[in-house]
Number of protein chains: 2
Amino acid sequence: MTTATATKYVFSFGDGKADGGATMKNELGGKGANLAEMTSIGLPVPAGFTISTGVCTYYYDNGETYPEQLRDDVAAALEKIEKAMGAKFGCTENPLLLSCRSGARESMPGMMDTVLNIGLNDTTVAALAKKSGNEQFAWDSYRRFVQMYGDVVLEMKTLDKKEIDPFEHLLEVKKEAEGVEFDSGLSAAGLKELVREFKAAIKERTGNDFPDEPLDQLWGAIGAVFSSWMNDRAMVYRRQYGIPHEWGTAVNVQAMVFGNLSDDSASGVGLTRDCSLGEPGFRGDYLINAQGEDVVAGIRSTKRVEESLHDDMPAAFDRLNEIGKILEKHYKDVQDIEFTVQHGQVWMLQTRNAKRTGFAAVRIAVDLVNEGLIDPKEALNPRRIPADDLNQLLQPIFDPDAKAAADAEGRLLTKGINAGPGATYGKICFHAEDAEAQYNADNDVQLILVRRETSPEDLRGMQAAKGILTAFGGASSHAALVSRQMGKVCIVGATELDIDYQAGTMSVGGKSFNEGDYISIDGFTGEVFEGSVTTKPSEVLDVVIHKAGDPEKSETYKRYAQLMEWVDEHRTLNVRTNADSPEQAAEAIAFGAEGIGLCRTEHMFFHHVDEIREMILAETKEVRQKAIDKLLPYQRSDFEGLFRAMEGRPVTVRLLDPPLHEFLSERHLEEDPALAGQLAKMTGKSQEEIHRRVEGLHESNPMLGHRGCRLGIVYPEITAMQARAIMEAACAVKKEGIDVHPEIMIPLVGFLAEFKDQEKIVRAQAEAVMAETGQKVEYMVGTMIEVPRAAVCADQIATGAEFFSFGTNDLTQTALGISRDDYGGFIGYYREHDIVPNDPFQTIDFDGVGGLMKIGVEGGRSSRKDLKIGICGEHGGDPASVKFCHSIGLNYVSCSPFRVPIARLAAAQAAVSQG
Amino acid sequence: MTTATATKYVFSFGDGKADGGATMKNELGGKGANLAEMTSIGLPVPAGFTISTGVCTYYYDNGETYPEQLRDDVAAALEKIEKAMGAKFGCTENPLLLSCRSGARESMPGMMDTVLNIGLNDTTVAALAKKSGNEQFAWDSYRRFVQMYGDVVLEMKTLDKKEIDPFEHLLEVKKEAEGVEFDSGLSAAGLKELVREFKAAIKERTGNDFPDEPLDQLWGAIGAVFSSWMNDRAMVYRRQYGIPHEWGTAVNVQAMVFGNLSDDSASGVGLTRDCSLGEPGFRGDYLINAQGEDVVAGIRSTKRVEESLHDDMPAAFDRLNEIGKILEKHYKDVQDIEFTVQHGQVWMLQTRNAKRTGFAAVRIAVDLVNEGLIDPKEALNPRRIPADDLNQLLQPIFDPDAKAAADAEGRLLTKGINAGPGATYGKICFHAEDAEAQYNADNDVQLILVRRETSPEDLRGMQAAKGILTAFGGASSHAALVSRQMGKVCIVGATELDIDYQAGTMSVGGKSFNEGDYISIDGFTGEVFEGSVTTKPSEVLDVVIHKAGDPEKSETYKRYAQLMEWVDEHRTLNVRTNADSPEQAAEAIAFGAEGIGLCRTEHMFFHHVDEIREMILAETKEVRQKAIDKLLPYQRSDFEGLFRAMEGRPVTVRLLDPPLHEFLSERHLEEDPALAGQLAKMTGKSQEEIHRRVEGLHESNPMLGHRGCRLGIVYPEITAMQARAIMEAACAVKKEGIDVHPEIMIPLVGFLAEFKDQEKIVRAQAEAVMAETGQKVEYMVGTMIEVPRAAVCADQIATGAEFFSFGTNDLTQTALGISRDDYGGFIGYYREHDIVPNDPFQTIDFDGVGGLMKIGVEGGRSSRKDLKIGICGEHGGDPASVKFCHSIGLNYVSCSPFRVPIARLAAAQAAVSQG
């Protein structure tokens, strides 16, 4: 007879030995793996065993049943606990009590179920009372067990959600009867009665007797924990944090230790160093004579380990500090622990890597390197500093006390989508022009521009405001995109806001605000507050951008600088910025940008909208040329500023991209009744002709309309003017002794013939300008890859284009057939129902858009081996997308200035995790 | 010394021998190849030589210079002509005269240049006079030569386009002076003077003397022909007919023969059989004592070969008929020839396969098979019957006499884009509802629906009209698409029309028309006529659709039927139809459709727009469900009709696709001021609420918005209702004993999760309905592939989908990032400037969209080996696209009913040309 090797489902730990260890999180969950690990390295852990996540998978794949061998395995593991603890489960003399806890690969605090004190019944409780010499403790433990088991396993709470909790009700009645304030004040007799009443309530509700048999209790608890993996709140949590439903949870069964046994017992939680700002030193909370749940319940005020434990329990205090050091040394990271002190002895119930703020993450990673615990490469591990969290070091923040006060005072108005990080406050302003005017009158004015949505004409008003708040739009809306580029605090899609431009009011939750009223917005969280909440700038921002702080004196800056040094040593991907002005370029360089990946020339155009409109209304080439000629000096001077600011770094300039109706549409004529008359006067046409021409510009799907190179092809004069402006600026700046590397980018190319048409015009201008000025400038002509055809035909296009830049905003829209202006109607539903794994406008859709990018990279490099390829979509600042770009061999990513450090860190993390 | 093998540039023919032949069209052009071929098979061809197209390529690649060896080669070939013709070029006794003609691979009639009578000067003209005994002939030849050479080589005509032609002016003066009507009436003396005057004019204009040296004349002529390859009209012609600029032209230099030598000489053109309707028998036009150019110039009335040549020149007549038979037997196709009779002897100057109408193409192909000249497979050669031309057999046509009369009377109003083939006339009607009402009052009413553009609500009005004429929109506009599907005559984009709905008038070219005035439209040509032009139905349509004619009595039908029998024997690709109604389905079956590839359920929805609007306005699932439930019986009955009509053939039903605002938008509310009130009453909401909800439906880019499966996912009730309607209908029809094969198609899927979401709903309904009815129906659930992501991720999607159907309309829009509603602003420019090879909405963009299709086919079949894949975009009826679909291994194409025979023929041609 042959026997198949049985799968191992149950892993014991105790007595300094363990079947598992820290590397086995996938099988044992985080808690189980670390209980085993702590046992192995000699730390005091109550004996126990872990039922693997494989059983959870089996459980759901097989109609909520267990593998056949599980019962025997659990029995064997139980025996080991009994041996290690010197007590017996269900024994009427020396009963062993057990806890049963969930434990997934990733911590999901509070989402799943726990049952404590398993093994108590009317006989074992007596033994416990006798053994502990504390009848009140024994019956309180019994009372807690019946209540917890009733709620979690027998689902008393969920049977009828509308009714009051029967247990809590009985407890209240009892406390009133005995005249005590806390549960802990109840007498043993009262507790005995409560247990009887609880059991009666259970019988009445469920029709069944409470299970007295300890083994039945244990299996009931195990089943409840597995079931809780699929409860609603756990599913919502996993969706939010991207945890796959397939992972499953493990179940940890462990001998009980009691912090509520006596006054030399306690329960507590702690961190091996501070996780808010990252300062070293053990800190935590504890309660004397209490169970763990009491510490987190917040009924009794906890005490601080670092303040009073040394006096309360000196031996336990020393032991905890010692354990903290052992753990940090062993895990090479800050630990978040749970402990129980039973009659003065410390027991460890949990350890895990601690969650921390971005501030703390950077400090701790740098400190651990300096303490010799890890090397710089390990400091870059994305687990230690999620690249996005670096943001927190760069943005002004709400003063934590002021924010807590605002919360407490109920000043939180609503929550939108956090689109531009940072915090700020200011006076409500509904119109961009007003914001600009107020700013011009007083450069220090604190304004929040509040709009239903923003449009390109609002640019200067947005620049003038401290923050932007919109009622509509998503994380990729105009407001969000521009704010991130400008580094403005921004919240979009705060749909509860009711904005009435006419009345000049904003209403939310029954409150109404007028222009000039103060509000505060937190771009980290999306929260909008009434009144002002004071802020403070981050130290890093002070040094890097405002050049205000002294870099030598700022510890935060020094650690940031140290980290970024390691970042640049490890990354291979270049990081550029999307910038349209010298100011943005300078900021980006301060943040470490190595070039401009996208300069959008149309942003400059919005400053000279009269000339653009004249050009649009022209009916002959001659009139058009005349209007365009007026724009040349403006463009040239804009480019000169940019080239100077970039000091020889490459600058990718995209030729005009948006459809002409962005500059002149029926909406413009409606909003400004005088405009048609002005335009008629300017062009010598009738107002009717103006209206007709503007009507003719209307498009059903502007995203797929007459824009990008399609403009430059039909109106070659525009391309010629832009190419000339770029090259005249380049030659002028070069003459000043500053090196220039313009990369002229043709947008929206789908066909090689489109590229060649535009390239010819660009090169003709470039050669002419260089001949005129006698300057020689190295320039390149390349293209955006932003429609699927360009990716599929990249081999053809690369025969002409000298570089590619993936425009993943438009590529996502076209590849998915989803307009980011219109996806509000379904994207929320899609995310909630797991139809898309991410918002594809935040993180690249790896399979679809990413698949096209791969085809584009392979095709492009098949025709031009050394083709320089970058990305200039908003995704260039998203860490997961940066990692993807690294993996498919791009040369650089380009993102808004304030995301440059994040992209640098993400690029280093991609390189490190690949190596 | 080694010598590289010299490229052969010059190919001689004459004396029954030739260097080239008919297979060498690429090198020799069509004319040159066939002159060589005719020489080889013993036909009388004046000796000559062809300079290959390779020289043309060389000429343009090398700054308009010739290969070094060319001069020697031409000299050698010239000697051969002299030998064959017994005359000498430039000889003062017995001068050889030459012609110099262009000749490209594909015939480009009249686009390039020709020079005749080369070799004449003041001395040779005397010799010619002496030799011919006809001084007037000699000097007329000289006069013609100087004029032609002056125009073509010395560019006299183009020097100043505004002035009158100097030669024509001098000629007129001379004719007046001599008092004669025709050029041919001029005296030798007068012609002598004219030659002198012509030369003086040339000297005056160009500053140079007219070249007297025959060899200079020849090289001048050769250069002019090569140059004419790149003249404007030749480039426009090539663009229109898809002839690559790279091909180049050959140059044919040939001994002159003269039809203007005497009264036993003549020039003529002919066809070896009729090419208008295809009747057998030689026919042609000739002129006695004339040069070839006189025949086509139309100054003298030509005579018909078949009517009078037998009497004028019996021997030449017999010889021509004999030559015609030899040519047809040799070329196995109808020939279009040019000939000269010189002193009674027939000389052949040209032969080529004749162009023919669709009618003639079918008749000739079938006749040639019956005559044993070709086999059925060869009859399917696309060169013989371009699949598109089959159209002409299926559509009513203008009575040719009536149309000629209308033309002559100047009743042609304007020309639009020919969008729906056929011809019709009727009363102008501006509103779809009026058309419907008039039709309901009188089913025989002849109406032309004239609109600025059409929308889905116009459907019933379009059905009621005989033809549709729109001022806007292109070949893929709503009007064009629906017309083709309905088989309606249709012209779109007739931009000169000025339609005023309020006034009820249509103006064009200064004429104004009222509602009820008659117009006629020709959907083959895009022509719009004033008044009625009578039409006649094609015989095939009579038999196939109207079941009116007797199939046994219609020769045209019998040949069509014979051809389609061969078609079905050879093709491997199935052909389905896009149809939404039983009537369309029946028509399509008559045309040979093997199933429905696309039934658009929304077309049914427009007939029940009240219920749809109720559904749209619903705010709760319950209210929505109630509205949807009302639609169920309508949909079910629609599907029942369709299933019955299709008699067991597969029927692909696409679930609801368009965005909801197509059913209810702000435009609807504006156009019908009472509507908001009605909707408010229906739903119990305020009018303000109605407006707000409708405003909320607005989308910036509806093409990329909340539509397709995104609707069914957010509103699963709609999908469930449609699936139930389909399956209830299927079960009911099956119960009647008719087999049913529904294929339920989920639109706009990009993610597998989208498909699975909808599939689950569909299958649940299907199983429920089958359980309720006790019927078992075989059904499939599949998806459209119409966004690039679906093609790129086809391997994932095919794990769920049982079939794919490429929606190439939307796939083209998304892959190219081009909205077909908005591409009017640049597509004309793009076509003119060769930026796109075709209109991508008419013929699949093979590299881009086709590339994605290939990826989709490969990906899909990698997951599901036998995946059934079709295409249901408009491209399914385009022959070039059908060929592509065959080449990438699709199972079927689906197209509008009237294009089914064309798709069948194209499919057969694809199979034949591949084999």
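Cβ atoms are placed via backbone N, Cα and C, with glycine included.
Here the structure is a predicted model, which means the values were calculated and not measured.
Residues or ranges marked as domain 'Pyruvate phosphate dikinase AMP/ATP-binding' in TrEMBL: A:26-63 (among others). Residues 7-20, 70, 74, 77-78, 80-81, 84-85, 98-99, 101-107, 222, 226, 229-230, 246-257, 323, 326-327, 330, 345-352 of the same chain, all 6+ positions outside the domain 'Pyruvate phosphate dikinase AMP/ATP-binding' (A:26-63), place their C-beta atoms under 8 angstroms from a C-beta of that stretch.
According to TrEMBL, the feature domain 'Pyruvate phosphate dikinase AMP/ATP-binding' maps to A:67-302 (among others).
Over the domain 'Pyruvate phosphate dikinase AMP/ATP-binding' (A:316-365), the average per-residue pLDDT in this prediction is 93. Sequence annotations record features per position, and here TrEMBL assigns domain 'Pyruvate phosphate dikinase AMP/ATP-binding' to A:316-365 (among others).
Residues or ranges marked as domain 'PEP-utilising enzyme mobile' by TrEMBL: A:448-526.
Note on A:H478 (active site, tele-phosphohistidine intermediate): other Cβ atoms within 10 Å of its Cβ, all shown chains, come to 20. As annotated by TrEMBL, active site, tele-phosphohistidine intermediate applies to A:H478.
Positions annotated as domain 'PEP-utilising enzyme C-terminal' by TrEMBL: A:558-911.
What TrEMBL records for A:R600, A:R654, A:E786, A:G807, A:T808, A:N809, A:D810 is substrate binding site. Taking Cβ-Cβ distances under 8 Å and a sequence gap of 6 or more within the same chain, the neighbours of A:R654 (substrate binding site) are A:L598, A:C599, A:R600, A:T601, A:M745, A:P747, A:M784, A:C872.
In the three-state DSSP scheme, A:E786 (substrate binding site) falls into the coil class. Counting only residues at least six positions away in the same chain, the Cβ atoms of A:G708, A:P747, A:L748, A:F806, A:G807, A:T808, A:N809, A:D810, A:L811, A:T814, A:G873 sit under 8 Å from the Cβ of A:E786 (substrate binding site). Here TrEMBL flags A:E786, A:D810 as Mg(2+) binding site.
Under the heading active site, proton donor, TrEMBL lists A:C872. There are 28 other CB atoms within 10 A of the CB of A:C872 (active site, proton donor), with all protein chains counted.
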Q. Which whole number of Å gives the largest C-alpha distance between any two of A:R600, A:R654, A:E786, A:G807, A:T808, A:N809, A:D810, the residues noted as binding substrate?
A. 15
Q. Does DSSP put A:N809 (substrate binding site) in a helix, in a strand, or in coil?
A. helix
Q: Using Cβ atoms and a cut-off of under 8 Å, determine which of the recorded positions A:H478, A:R600, A:R654, A:T808, A:N809, A:D810 neighbour chain B, and list them by sequence position, or give 'none'.
A: A:D810
Q: Ten-angstrom check, please: count other Cβ atoms within 10 Å of the Cβ of A:N809 (substrate binding site), all chains counted.
A: 17
Q) Taking DSSP three-state, what's A:R600 (substrate binding site) in: helix, strand or coil? A) strand
Q) Any idea what DSSP makes of A:C872 (active site, proton donor), helix, strand or coil? A) coil
Q.
Among the binding-site residues A:R600, A:G807, A:T808, A:D810, which residue has the fewest other Cβ atoms within 10 Å of its own Cβ?
A. A:R600
Q.
Around the substrate site formed by A:R600, A:R654, A:E786, A:G807, A:T808, A:N809, A:D810, which additional residues qualify by having Cβ within 8 Å of the site's Cβ center?
A. A:L598, A:D657, A:P747, A:M784, A:S805, A:F806, A:L811, A:C872, A:G873
